[in-house]
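Here is what Swiss-Prot says about this protein:
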{"type": "BINDING", "residues": "MET46, GLY193", "note": "substrate binding site"}
{"type": "BINDING", "residues": "LYS122, THR166", "note": "ATP binding site"}
Amino acid sequence: MWLSDEFPRDLKTLRDRKPLVHHFMNFVVMNDAANVTLAIGASPIMAHAKEEVEELASKANALYINIGTLDEYWVESMIIAGKAASRNNVPILLDPVGAGATRYRTEVVKRILSETEVSVVKGNGGEMLALAGVTGGVKGVDSIVNATMDTAVKIAEEYGVTAVITGPWDYVSDGVRKVIVKNGTPLLQYVTGSGCMVGSVIASFMAINRDFVKASVEGLVAFEIAAEKAEAKSKAPGTFKQYLIDELFNLTGDDYVKMAKVEVVQ
């Protein structure tokens, strides 16, 4: 199994180091994102004030920019933080929430991509298709279409990033390497912000692993294995979310070896 040796080591490193992950997180999911970051072993900070984001982003081990809550103040803070992270070699994960739903959101995403050095872009099928120039795939912030590996490769090549497309299957590519993650459960679609939360876990692995394809796969598999284990304990979304956080906290390297469904595409 790909990463079966590396994942246990990286999970231990993550929990030993407790890296700082600076979040720009939307109001809807902020508490849950902080909790999953803590559960996997990293240290979250949710800070958005222009007066401090440059300092915090410079000191962080990873920066996660989630555009779910947008106004001009937040956008300027995101740009300030992104530039500071770029200057200090801090990896940036961008979640283009709702890209394609409005012109404003799409323009903000492209501005962040042009003015900062984003390492990973993670979104659902509709959002990522919008970045690839295909419209009509987003309703609100939800995807109404599926994207494919070809979309991930196109985005990776166009923007110089690792692209992560989440869905029933997850597609990860840096334009050269291509990986499909097949873990997960349909229950995740009934938990608001599950995609935002998986971004927190990916960013946590990015903080200790600068191979961003591997870090993205590690984060996806960790979150989705925890979701599968949570589903075994609850079939309803409220308690499922509670168990999801517990299972992230209890996750082991052996869980990856036993449960990961990862396909490297040749």
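Glycine is treated like the rest: Cβ placed from N, Cα and C.
Structure coloured by features recorded in Swiss-Prot.
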residue : record                 : CB count, 10 Å
MET46   : substrate binding site : 16
LYS122  : ATP binding site       : 29
THR166  : ATP binding site       : 28
GLY193  : substrate binding site : 23
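Geometry remark: THR166 (ATP binding site) versus MET46 (substrate binding site), CA distance 23 Å.
Geometry remark: LYS122 (ATP binding site) versus GLY193 (substrate binding site), CA distance 13 Å.
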